[in-house]
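Colleague: Structure incoming, see below.
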Amino acid sequence: MSFLNKEICDGDNPDLTEERRTATFDTDRMAQVIYGSEKFAARRRQITKSISRIPALQDTKPLAFMTREEKITEACRELDVLSDHWEQLIYVNDEEEALHLHREVIGMEGHPFALHETMFIPTLVSQASDEQQEKWLGRARKREIIGCYAQTELGHGSNLRKLETTATYSPSTQEFILHTPTITALKWWPGALGKSSNYAIVMADLVIKNKSYGPHPFIVQLRDEKTHQPLPGITVGDIGPKMAFNGADNGFLGFDHFRIPRGNLLMRHNRVEPDGSYLKPPHAKIGYSSMVKVRSRMAMDQGLFMAQALVIAVRYSAVRRQGFLEDKSQEVKVLDYQTQQHRLFPSIARVYAFIFCGLETIQLYEKLILDVNKNGDTSGMADLHSLTSGLKSVVTHFTGQGIEQARMACGGHGYSMASYISEIYGVAVAGCTYEGENMVMLLQCARALVKAVELVEEGHPEKLSPMMAYLTKPSVTVDLTVGPEAYVKIFQLIAKKQAFKATEQLHKFMVAGDSRDVAWNKSAVELTKASRLHTRLYILKTFIRRVESITDISVKAALTDLLNLHLNYELLDVASYALADGIMSSTQMDFIKNQLYSSLEKIRPNAVSLMDSFQFSDLQLRSVLGRRDGHVYQNLFEWAKSSPLNQSEVLPSVTQYLKPMMEKSKL
Ligand SMILES: CCCCCCCC/C=C\CCCCCCCCCCCCC/C=C/C(=O)SCCNC(=O)CCNC(=O)[C@H](O)C(C)(C)COP(=O)(O)OP(=O)(O)OC[C@H]1O[C@@H](n2cnc3c(N)ncnc32)[C@H](O)[C@@H]1OP(=O)(O)O
Ligand SMILES: Cc1cc2nc3c(=O)[nH]c(=O)nc-3n(C[C@H](O)[C@H](O)[C@H](O)COP(=O)(O)OP(=O)(O)OC[C@H]3O[C@@H](n4cnc5c(N)ncnc54)[C@H](O)[C@@H]3O)c2cc1C
């Protein structure tokens, strides 16, 4: 048995065992790099093991065969079991451990706590005063109450300034009156709002003495704590089935002059005094911090979604044999085809790159909240906002593409829900929309880019943030054979040119008489291109930085192969910019292609172990094709037999319609 890959087991499919034996690195060591530390990687394994010892948490019936109601009930049952074992399983209040626990046990189809941990509690942490935290945070953490984040309305999601729900202050009673004035003002979409939550953070337009102060966060009790019935003045319910994520009850919510005490406006950064005087926050957008929190997690979470799809596709590709190469006596593993490698390996590289970015942005958010809460220092907000706006957009887009390629790489069986890839896809691509629609967020990132270009043009390059410093780099001729830094230089030139071109176009329209808004819209496609290049440059540089910092030689070597693949793939993908601007020659392009193809060959022996290193349990993967043991065919047959349609030989629909129809046809 090889010491390199702990997944090896003699009872496994021999093709997978063979793959695991060829690995050139230790998967536990790779897991430490993926999950940011030896300690957390080990805790993950420990938690997974503890879960496997709780019989009530082992999968009962495949989710694919459940109705929505059954899925929600099953998630609640699992949450209840988890709650009983919470303190034995994880360190209380450790967010990463809680997330791991949830991913393992409940999976990705959503559950009543999905927004409680990801937005409700973080909003209380970042927006509630100490006194308010005393009142609600402890209760929320102990799960005495379940909360969600209700911001989006039927009529508006992207444009927060036009949210219609009002919170009008009444000085005589020292209350806010929440009201839904129109049908389009109904809150619509918030996860876990429909049936599960009894509390919500509600974003509503604060109105004092007929003056609107824009969206502010309020904590609102929605349901009676004993009966769970909606409180009088509240209309709440589920919005119906979705493309995926159907174990979550995304909901609607309306208020009919519903009164809450003054103390329910979250007041860490702004205040409304009893007489109605308003104290401004230190930064106008501080109330948006919960969105930044989720966006800062998305590179990690989306990376893990794509990783799940790739574990499934790569393992299956090592088990699936179809067609011949030289030896006509035995069919080859489909993973040996160059096209299959080209379909999957660049996404493996992206998974690692995205996760490395996620490790960084999660920390940046935590630092920002400390700076704001402890020192009132909001200076990091603008940069983190533009970075996470671009990153969530680029990462979700490529994750969707990568998962879809993983599905196709599994041929027909990839289309079956037994693969579980369709659910992963459905959940992942929701990220293109939630936390800010991708185009809208790319344009937010573009605002920062244009400002930076304008600073350079106005002769103030010293005012640029470090992320924008490349905008001052002069054009140079680059020798690609010298390594990653050469690729960075070319990428910087491409990104810089596009940022300047888009800004130039914007200015040109303005000089011709358009307002900035109109000129902006006429330049928007070019601006989004600039944002994507800027963000891909950040991803590329982060990947390089992380690989450089690895101390384990064999892990570093395997990731260097992956990094080289990423560099060549990315540069080839943006080659049209480089060719158009004369930044690269066609000879350099050929060099990049050859490097890319040779990277595929280098990565091939490590492919399965690169994905095993994520250490997803079978419980979490929920995929017949992605099983750790690789016993795909007999389990696909078992899975199909468990379909409700196969529980009787003759369906009522046959007796009721098909038989009479066939009988009639005989006449
Ligand atoms: C026992 C159980 C225990 C449980 C424990 C475990 C829990 C585990 C939980 C979960 C397990 C997870 C497992 C994974 C599976 C599940 C995955 C799926 C999860 C689903 C979660 C989905 C959650 C989704 C939530 C949402 O979608 S919430 C709603 C989000 N909405 C948006 O994002 C709206 C987008 N719009 C905006 O943000 C804004 O409108 C805007 C576009 C930014 C514009 O804002 P506006 O006010 O109009 O700005 P302007 O006036 O134009 O000014 C722009 C100006 O401001 C700057 N700005 C803007 N925002 C910010 C900011 N945030 N910070 C700093 N600066 C900002 C901007 O840069 C401009 O500056 P300049 O003028 O200088 O350019
Ligand atoms: C699974 C899921 C979970 C969600 N969970 C929550 C939640 O928990 N809480 C919550 O409050 N909300 C939640 N949402 C809502 C989500 O945040 C919004 O749907 C999202 O912000 C997009 O807003 P929208 O629906 O108004 O899209 P729209 O803005 O209507 O987008 C439609 C189109 O218009 C374009 N567009 C809009 N504005 C501009 C612009 N200024 N410039 C260029 N193009 C533009 C967009 O690019 C898009 O192509 C969830 C959504 C989903 C799908």
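Here the Cβ of each residue, glycine as well, is placed from N, Cα and C on the backbone.
So TrEMBL lists these for the protein:
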type	residues	note
ACT_SITE	Glu435	active site, proton acceptor
BINDING	Thr152, Gly191	FAD binding site
DOMAIN	26-146	domain 'Acyl-coenzyme A oxidase N-terminal'
DOMAIN	288-450	domain 'Acyl-CoA oxidase C-alpha1'
DOMAIN	484-663	domain 'Acyl-CoA oxidase C-terminal'
Colleague: Within 10 Å of the Cβ of Thr152 (FAD binding site), how many other Cβ atoms can you find? Include all protein chains, please.
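Modeller: Other Cβ atoms within 10 Å of Thr152 (FAD binding site): 19.
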Colleague: Considering every residue in the domain 'Acyl-coenzyme A oxidase N-terminal' (26-146), what is the mean pLDDT value?
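Modeller: Mean pLDDT, the domain 'Acyl-coenzyme A oxidase N-terminal' (26-146): 94.
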Colleague: Please report the distance from the Cα of Gly191 (FAD binding site) to the Cα of Glu435 (active site, proton acceptor), rounded to the nearest angstrom.
Modeller: 12
Colleague: What is the number of other Cβ atoms found within 10 Å of the Cβ of Glu435 (active site, proton acceptor)?
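Modeller: Within a 10 Å radius of the Cβ of Glu435 (active site, proton acceptor) lie 24 other Cβ atoms.
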Colleague: I need the CA-to-CA distance for the residue listed as 'active site, proton acceptor' versus Thr152 (FAD binding site), whole Å please.
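Modeller: Cα of the residue listed as 'active site, proton acceptor' to Cα of Thr152 (FAD binding site) measures 10 Å after rounding.
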Colleague: Hey, what's the Cβ neighbour count for Gly191 (FAD binding site) at 10 Å?
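Modeller: A 10 Å sphere around the Cβ of Gly191 (FAD binding site) contains 26 other Cβ atoms.
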